[in-house]
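Here's the structure, in structure tokens; my notes come after.
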Amino acid sequence: MSINLRTVYAFAREMYPKTSKETIQYGTAGFRGKAEFLDSVMFRMGVLATLRSRYRGGSVIGVMITASHNPEPDNGVKLVDPKGEMLEASWEAIATDLVNVSDQELEQQVAKIIKDNNIDVTTSSQVFVGMDNRYHSPRLLKAVADGVIALKGNVKEYGIVTTPMLHYFVVAANTKEAYGKPTEEGYYDKLIKAFELLRNGRLENGNYRNSIIYDGANGVGARKMLQFIKRMKGTLNVTVINQGIGVGKINEDCGADYVKVQQSPPKSMPEDVKPYTRCVSVDGDADRVVYFFTDDKGEFHLLDGDRIATLIAGYLMELVTQSEISLRLGLVQTAYANGASTDYIVDQLKFPVSCVPTGVKHLHHKALEYDIGVYFEANGHGTIVFSDNAKATIAQVAQTKESAKTLLLLIDLINETVGDAISDMLLVETILNHKGWDVQDWISSYNDLPNRQLKVKVQDRNVIETTDAERVCVKPEGLQTEINQVVAKYKRGRSFVRPSGTEDVVRVYAEAATKEDTDNLAYEVGLLVQKLAGGVGPPLTKPNSSAHL
Ligand SMILES: CC(=O)N[C@H]1[C@@H](OP(=O)(O)O)O[C@H](CO)[C@@H](O)[C@@H]1O
Ligand SMILES: [Mg+2]
């Protein structure tokens, strides 16, 4: 097979010319932006995925077209490496250069990647592509596929799937189906079989009731949950709201990000929902999940990624202890984790905990250092990874001990390749069922510190640089000192700022002993960002109003 790089060049110029003059950055989870500027980015990512597949000896590489929790006009692309991880960090720079060169330089840039990485372009390659349900996703999927074809690679299109499904397909194919069948049906089968075996016919237990309300964020997570329901034979009664079929924009006034950041239920919540009903929200590509409920006074309560992580970690530790096996367990968080959750993990669970920069790629890598690594972002994005040693030990002990048998089934239920909202939800349901817990039992394990996030618009968010897992701001000079002075005024105060990697904003996080203090702290730090980091746009609104969120 010979590759004519002229083909790449001609394709790009004729079909996918580069229309944006601005430099495009590789963000927290790949490239993201307004959909109308992304055609050339997608074509080039198809080219890159093909090169990466050849570089990795023909292993399958995944390309997911989605802008996750972003608003509907945005789109984006996430690349999946052979073991289901996000694209290796060293290739992020290669990807960035490739999307930013002009159409005229493209041929030369592709040749450079081939030469620098010693890629044999005559070998075979395989790229799996999936997309969310944004209306511009099919157009962008075609651009990715054309990029693959331009380099004579093989492309398999999965159509509309969740991000974690695509990760699963990649790993299933690369493990020659040891992980499961690389099909949609294979994915449902694997999860549902494990879930039903774990229920073992006991649908309700203690305070646990067998029904939930599921907010699908008008995204692909809604459609796929409807598929789960069809196949689950009533083992869990799920009512899907924000289905996104015909009405409703993706993530608008609903979904995991809205619920977490606004700290309120989706706007379209049915009025007749009984107090203490378990509700879940997933995000636009269904890799995040948060739980919430409203109490009998109408007050909203959130059970976010930190809660999910602590619930899972505690349960896994119980099972490991009962199984009398010695494994290294650890939990990974980011600076956004609620301080109370970290205290609970360290003081009560006595679990080693570490803090890494935002972005699942960082958490995933850290979690791999443990035999059982639990990682979750506060926003509900996370999973659990098991080392080969853990799997082998558990399988052996499972021959004689029930607790280890349960662990083995949990491994099948968990999508280890990346955070998976549906798999995570089924896992939480399993644990609550086994413990006989309702949401009140769950939330009483510790009290969250009130917390708040603000988005501050600045001229160039890259003027902010951070260190120490983003908890300390080193640029612009003086900002951290002023933040420290403000934080010192508040009991249990903690605050940090960082540039978002998915939106053109600076994020401010604050927590403190009371809600009022938290709102004031966030506001004061927001003002500092505006003052010292080139704030633009309207002035921040004083606390006790959500207008500035
Ligand atoms: C505070 C927050 O929730 N940040 C999110 C958000 O990243 P930012 O870089 O903060 O925009 O999107 C990422 C991708 O989904 C996710 O990994 C991350 O946790
Ligand atoms: Mg997402």
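Note: Cβ is positioned from N, Cα and C throughout, glycine not excepted.
Among the features that TrEMBL reports, active site, phosphoserine intermediate is placed at Ser68. Residues within less than 8 Å, Cβ to Cβ, of Ser68 (active site, phosphoserine intermediate) and separated from it by at least 6 positions along the same chain comprise Ala29, Arg32, Gly76, Asp132, Thr163, Asp283, Gly284, Asp285, Asp287, Arg288, Thr502.
Per TrEMBL, Mg(2+) binding site is recorded for Ser68, Asp283, Asp285, Asp287.
Neighbour density for Pro499 (substrate binding site): within 10 A of its CB lie 22 other CB atoms from the protein chains shown. Taken residue by residue with DSSP, Pro499 (substrate binding site) is part of a strand. Summarising the annotation, TrEMBL assigns substrate binding site to Glu377, Ala378, Asn379, Arg498, Pro499, Ser500, Gly501, Thr502, Arg507.
Sequence-remote contacts of a segment are chain residues at least 6 beyond its ends whose Cβ falls under 8 Å from one of its Cβ atoms, and for the domain 'Alpha-D-phosphohexomutase alpha/beta/alpha' (60-93) they are 26-27, 29-35, 38, 41-42, 45-46, 48-50, 52-53, 125-132, 134-137, 140-141, 144, 163, 166-171, 173-174, 217, 220, 249-252, 255-257, 283-285, 287-288, 360-361, 364-365, 416-418, 502-503. Summarising the annotation, TrEMBL assigns domain 'Alpha-D-phosphohexomutase alpha/beta/alpha' to 60-93 (among others).
According to TrEMBL, the domain 'Alpha-D-phosphohexomutase alpha/beta/alpha' annotation covers 108-175 (among others). Mapped onto DSSP classes, the domain 'Alpha-D-phosphohexomutase alpha/beta/alpha' (108-175) shows 35 helix, 13 strand, 20 coil.
What TrEMBL lists as domain 'Phosphoacetylglucosamine mutase AMG1' is 183-290 (among others). Summarising model confidence by region, the domain 'Phosphoacetylglucosamine mutase AMG1' (183-290) averages a pLDDT of 96.
Annotation comment: TrEMBL describes 304-437 (among others) as domain 'Phosphoacetylglucosamine mutase AMG1'.
According to TrEMBL, the domain 'Alpha-D-phosphohexomutase C-terminal' annotation covers 475-524.
Among the binding-site residues Glu377, Asn379, Pro499, Gly501, Arg507, no residue has its Cβ under 6 Å from any atom of ligand 2. Summarising the environment of Asp285 (Mg(2+) binding site), the number of other Cβ atoms within 10 Å of its Cβ, over all protein chains shown, is 34.
In this structure, the binding-site residues under consideration are Asp283, Asp287, Glu377, Asn379, Gly501, and the one with the smallest number of other Cβ atoms within 10 Å of its Cβ is Gly501. Annotation for Arg507 (substrate binding site): spatial neighbours Gln453, Leu454, Lys455, Val456, Val497, Arg498, Pro499, Ser500, criterion Cβ-Cβ under 8 Å with sequence separation of six or more.
In this structure, Ser68, Glu377, Asn379, Gly501 are the recorded positions from Ser68, Asp283, Glu377, Asn379, Pro499, Gly501 whose C-beta falls under 6 Å of some atom of ligand 1.
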